[in-house]
Amino acid sequence: MACPTQFICKALRSVGLVLFYYVFSIGITFYNKWLMKDFHFPLFMTLVHLVIIFCFSTLTRFAMQCWMGKPRVTLPWKVYLSKVAPTALATALDIGLSNWSFLFITISLYTMTKSSAVLFILFFSLVFKLEEPNPFLILVVLLITSGLFMFTLKSTQFNLEGFIMVLLASFIGGIRWTLTQVLMQKAELGLQNPIDTMYHLQPLMFLGLFPLFLLNEGLSVSTTEKLFRVSELSHLLYSLLTLSVGGMLAFGLGFSEFLLVSRTSSLTLSIAGIFKEVCTLLLAVEFMGDKMSTVNWLGFAVCLSGISLHIGLKTYYNKVRDNPDLELPLLQTKDYYCGDTNDEEEHEILY
């Protein structure tokens, strides 16, 4: 039986990791929204983030290799293109459309709509047979759908174009996390460690998003005075600095997710995600001027109840199967990367 001191230390560690995760998760949402007010190139911003994440992943892999004294996994080209490419394309479109939507909608509508990704994750997990059919899933779908409808009903800050973008991103996010789970659970690929997964995903994500960037922002970015036609060096340095901060937040988000789930459980991350939604909405109303009616708040509560029911059901059925830890990719619906790992991999990443 653990002594009170050990329990308190474990509780404080869990709280600290949750707060660490909140800093990056909430921070990148508000930071991207703030940046989009003056920098109207969300796809270019996403491409810069991908480059920064790849660089940090490469440096982290090198440090891990030097510390552990053994090489990291590197997939051959044939396996890389056939196995990783679908996940990379889905991830790139999910993140790109999510960032693009900040040009049109408020943080509160973005947060609420992205919560609907659980519906699409459930659908694709049933298609890929990662989730067993359950009659309670119908109730989960009804709660989340009705909550989303109530939240958007008579909203004074509703924007159809941005709403469709986030809804499409949520749909693609369902494919993304399902494929990510399949990718990370294939032991023969050796991508159980999220750092290795991030390292392999970023180049293909960049290539997948680049044509969309050229089509929509290529000419505008090449002629903007904020970047390539800058008149003062200070303006260019400011733009690069603000973009780099967002990239570091994106990498920190993935790293903080992994720390949280590896030192506690994916259930902790899922529950923390619910409270994060509440914190995000409260902060958006208080500091960003988002307006929400009583019906909107009620819809948000109904949607969260559906997500909570889904988490509770997964907890129960995993315990029935003597597998108490939840499968993270099916629960984390709007952030970059995360995953469970064995003790050796956890030891590596913590160093």
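Using the three backbone atoms N, Cα and C, a Cβ is placed for every residue, glycine included.
Owing to the predicted nature of the structure, the values given are computational and were not obtained by experimental measurement.
According to TrEMBL, the transmembrane segment annotation covers 12-31 (among others).
As annotated by TrEMBL, domain 'Sugar phosphate transporter' applies to 17-309.
Annotated transmembrane segment per TrEMBL: 43-64 (among others), in sequence order. Away from its own ends, the transmembrane segment (43-64) comes close to residues 32, 35, 72, 92, 95-96, 99-100, 195-196, 198-199, 202-203, 205-206, 209-210, 212-213, 216-217, 221, 243-244, 246-248, 250-251, 254, 336, 348-349, 351 of its chain (Cβ-Cβ under 8 Å, at least six residues beyond either end).
Under the heading transmembrane segment, TrEMBL lists 102-128 (among others).
Among the features that TrEMBL reports, transmembrane segment is placed at 134-153 (among others).
Summarising the annotation, TrEMBL assigns transmembrane segment to 160-179 (among others).
Within the chain carrying the transmembrane segment (199-215), a Cβ under 8 angstroms from the stretch's Cβ atoms is held by residues 43-44, 46-47, 50-51, 53-54, 57-58, 61, 72, 75, 80-81, 84-85, 87-89, 91-93, 95-96, 191, 221, 337, all 6 or more beyond its ends. According to TrEMBL, the feature transmembrane segment maps to 199-215 (among others).
Summarising the annotation, TrEMBL assigns transmembrane segment to 236-255 (among others).
If you look up TrEMBL, you'll see 297-317 (among others) marked as transmembrane segment.
Comparison of 102-128, 134-153, 236-255 by number of C-beta pairs under 8 angstroms to the transmembrane segment (12-31) places 236-255 first.
A contact links the transmembrane segment (102-128) to the transmembrane segment (160-179), because at least 3 Cβ pairs that are 6 or more residues apart lie under 8 A. Note on the transmembrane segment (236-255): residues 21, 23-25, 27-28, 31-32, 35, 39, 45, 48-49, 51-53, 56-57, 194, 198, 226-227, 230, 335-338 of its chain, located 6 or more positions outside it, place their CB under 8 angstroms from a CB of the stretch. Same-chain residues lying 6 or more positions outside the transmembrane segment (160-179) and placing a CB less than 8 Å from one of its CB atoms are 86-87, 90-91, 93-95, 97-98, 100-105, 109-110, 113-114, 116-117, 119-125, 127-128, 130, 152, 329-330, 332-334. Sequence-remote contacts of a segment are chain residues at least 6 beyond its ends whose Cβ falls under 8 Å from one of its Cβ atoms, and for the transmembrane segment (134-153) they are 109, 112-113, 115-116, 118-119, 122, 163, 295-296, 298-307, 309-310, 313, 317.
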